[in-house]
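Note sheet for the following structure.
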Amino acid sequence: MHSPSLTVQEGEKKIQLRISNVKIYSKIMASFAQTSMELTFQNDSGKTLEGELLFPMPEDASVSGFALDINGKMVDAVPVEKVKAKVVFEKEVRKGVDPGLLEKVSGNNFKTRVYPILPNNSRTVSITYIEPLKRAPKETNGVYDLMLPKVENLSNFELKLEVVCSTKPEIAESDLQDLKFTQEDNESEKGDVNNFILNLQKNDITLTKPMKFVLPNFYRDNKLYLEHDEVDDQNIFCIEDFPTNIELENEEENEKGKGKKSIQIIWDSSKSVSYIDTQYEIKVVEMYLDTLQNESEIEIITYKDCVDQKKTWKLDGNNKEKTMKEIVTYLKEGIIYDGCSNFESLNLNKKNENDHDVDLVLLFTDGFTKLGSEEPAWLKSSAPIYTFSDHVSTNHSFLKKISNITGGEYFNLQSLISNRKDTEQEIKKEKEKEKEEEEEEELQDYDKIVDRIGQFNFSYLYCEIEDEENSGVSEIYPSQPLPVILNDEGNVDGGFTLTGKINKEKSSKITICYGMGSKVLHRSEYLISKSESINILSEKKILSKYWANEKVKSLVVLGDKMKNEILAVGKNYGIVTENTSLIVLETLQQYLEHDIVPPKNSLPEIYEQFMQRRRSIQERETERVQNKLKRVNGWWEKRMSWYNTDYYGQFESNEKIQQSMKKFQPEIEEVQKLVNERLEELKETKKIYDEKVKKMKIGKDEEIISVNVPSKVNQTFSPGTFQLSRTVEVPDLSDLPELGKKAWLGIKENRELRERLKFDREQLRNNVSFLNSKFSEIGNYINELKKDPQKRKKVVQMEKEIKISSYSKKCKKKKKSSSSNSMRFMDTRQDERSVSRSSRMRSRENIRSEESKKKKKGESNTNKGPSLQIKEWDPNVPYMNAIKKGKDKEERYQIYLEQCKENGTTPAFYLDVATHFFTQGWKDLAVRIITNILELGLDNVQLFRIVAYKLDAEGFARHACDLFEKSLVLNPEEPQSYRDLALVYAKLGKSSKAIEYLIKVLTGKWDPRFDEIELTALHELNALLQKYKREKIDYDEKQLQILPEAFITNIELDLRIVLGWDTDMVDIDLWVIEPTAEKCYYGNNLSEIGGKVSRDFTQGYGPEEYLLKKAQKGFYVIQAKFYSSHNSKLSGKTSAVLTFYTNYGRENEKQYQVNVRLEAAKDWIDVAYVEIDF
């Protein structure tokens, strides 16, 4: 077993909290064990933390209880829909309340979030689970493995193990000494059983491995158990059947595994596989190949986000051993593990690359597919697939499903291979000790696995029920054929368990049928009646929960269509499923607010009060939607009032502004002239300077990006150093003209000139042509103007115009390569360290160029065809500098793989590298690289969104859709989940779905922190409806009947900018500096020219919008500011997405998306410059 652990996020790292106390109570009865494990975690830091506790459960275990300490008392959880449980949890956390949430994630892993864990304090969690016992091979003994956390210096450990059986249990494995069972009176379930108890209490101990107990003769006889089911007042029956002496017919014909074959080996080469040791899986391949005859054809296909490599070998007589070594070497050393897994990409069929029939497929994977469907269309037409996994976290039910559908078998190597060695050191140590008996036992395990590959499986087939219509028997599980293990003696190894329901007043005869294919080879008969059964009287309802878990496993393989039924089972029987979670609440008010029924037994008073005050859910929901739409209508009326106001005309007629601009214009033109006429004088200086830079000796990978100026040359200039990053020595300027010295040093020291020209890092390094020999003259001129109080205000405006002029210079250089009269995006993102604080200060005062006044009043730009240009962000980080040194695609990819060793645990690394590969046009590798982010955590919505936003921006809407759908399943309480999916559905042509999800944003019940996201959704809904009308795209018009007529109107905008981000409880602000130099943001959300900024989202994901009905000619500077974070997880960087629209809602609408990353509160970056030129 593997250890549960509670981790907290601290920056880019995850750390485990120390366990201080462990209490375990376990009871074994009726071939099942129910275990309650109570763990106390200690927060030794000075911060309040949120923890994530992950329980990797045994393969067939099901969680049946959860409790969390609240105010020093353990409070039991109640089953709730997984969707609703997360909504409730997040809402209560924001209130400062400490609920608990336990949910099932991928595979058979269970996760609970714990908040808050106060500084220098502790939290206690209790989880109860049920699992069937194992049976020792070829023996009648039962085996119970007790999972223990791995803990050093554990302060307190308590264990109580109760076993109801006929023979005293034995301790097979344990770190602890002095373990003894004592016999006590039994619970009278049946007279021939005893009650054995083990009590233990220890202090200051170390736990390193699980405990193993052997129950002698536990499976000596067939058994039938009954337990009353309070859910529907029936009885649950459970049959433990152990068929013996079974003879197979035509056994020789069944030895297909050693024949001449065409074999496909499918090997998961996604990033997650690189973290495990594949030695056991490779050993299975090696031993199976040895059984094949000569001329067998072996095709190995590696897959990740897509099929990676295909290689084929043929086993011939003389070189079979050599070929086998080549295959094993390839599996050990020739596979690159990168990217996420996409099972759908395999597209298997019954032919291989050489068009030969494929006899069988060996699939090695953990069963998790991050992209694509879990049940692709090709699955039913595949050859038999034998699935293998040696991963701790495995999607067991999915792999069983694949094998059952195709006629193969699933092998969980974690449980099938004994005497496992976890490290290379242990393997070496074992070899040195020459433990031949253990090695022989391990080889026998492999032999058993290999013998079952390619054989017709001996299986449980079905049940025959006597007089089935009147029998009272129903819901028998397993409901489909299931392979069972037949040992050499003809006995079913480990037995077979069948469970179902029967009317409590009836008896019935059931026959369990076993066989191969469709032929029955063995029958076991049972009479289901009280007199013939062991009646279970325990209040724990172990059998009922086991039946419920078996039903869920049968429903899961049928896919999402069984979601509601799975949900009902989980709620009724109190077990955690993919659709059900357990949540801990405390007060009546919480249960009423969230409409959750309290536990009747543990909180009887609260339960009675709740039932008395509960109203009809349907009536409340109808009333809520009506009230919600009224609120949205009030917001929409205000938005339409803004839309219908002619801000453009008002601005044109403002004589005061125009007169002010006339006064400023001469000064602006004079300073611009002084700057521009000096640029030509520096051409020769630049040449000399470039030669000097080449001769400079600096360290590897360093760049000239800052200068320390000696104090003796600071006499003419203002003090201080323009520091960008690291420091290098000042180059020798002795033989440069005096003009060049002043140019080089002046630009570093004259703060005002830095402000006006806004030098970024790239300009400072490579664009010396911007240096000006007479900067001191301009500085003096500025200072003289500022001495005059009446001119000081003009100088401030003049400086801003010079900034805008410098933006214009940059954009005009781009303009030469594209058509005129267009709108352009120019990405100016740079390392935040290169932007000085003063360069971020901007005024709201309105200045316009004389040229803008020439525009005709009311003129629209709808006929313009905007072209979009952007230079992608290139972060200045060591790993990117190393990767760029590669000569071509292949070399850069190899450097990236090397960099993974040091940086491969952070999403930012993969996002940066993928962005670079996208920019280079290497989209296949870019997709692979960015999907590594999905491998960094199980069911992490932030990771899903980081990848989905980028893939959507790069044109991979289908992949983005897969991830947004998973995000919605995990976070349905957030309207952004529906909006994200609606927009990508629209791109994929799913019109009705897109409309449905946008309407859900309008009508859904959301936390107040998301208020007014409905306005964004309404804009997008109207734009979609206009597009569908123009292009005659069908959709279900009945969907709109729920909305007021006023909601549907044509909205057209010259410019729309939308900012969203991927991290909850974070505040990022959208700022737009308009051509008038007015800043439009949350503090000034309506500008003179009509620019409108939406509500400031301070505790969510956004989106924030900038809307402009009629745009002014000139430059728009778009900025994103990381204002603050309220996220308790101490998370790292936040990815933000800005989407630009021109001619929004019109036929010639254009869209462009930009991804940026912000790391800490107060980070502020220029995202883009937008030029509108009519």
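Glycine residues also receive a Cβ, built from the backbone N, Cα and C atoms like all the rest.
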Identify the coiled coil range according to TrEMBL, selecting from 299-326, 467-494, 747-774. 747-774
I'm validating the feature mapping. Which of 156-187, 348-379, 380-411, 668-699 is tagged coiled coil in TrEMBL? 668-699
Average the per-residue pLDDT over the domain 'VIT' (3-131) and send me the rounded value. 84
Secondary structure content of the domain 'VIT' (3-131), with strand meaning DSSP E or B: 13 helix, 84 strand, 32 coil
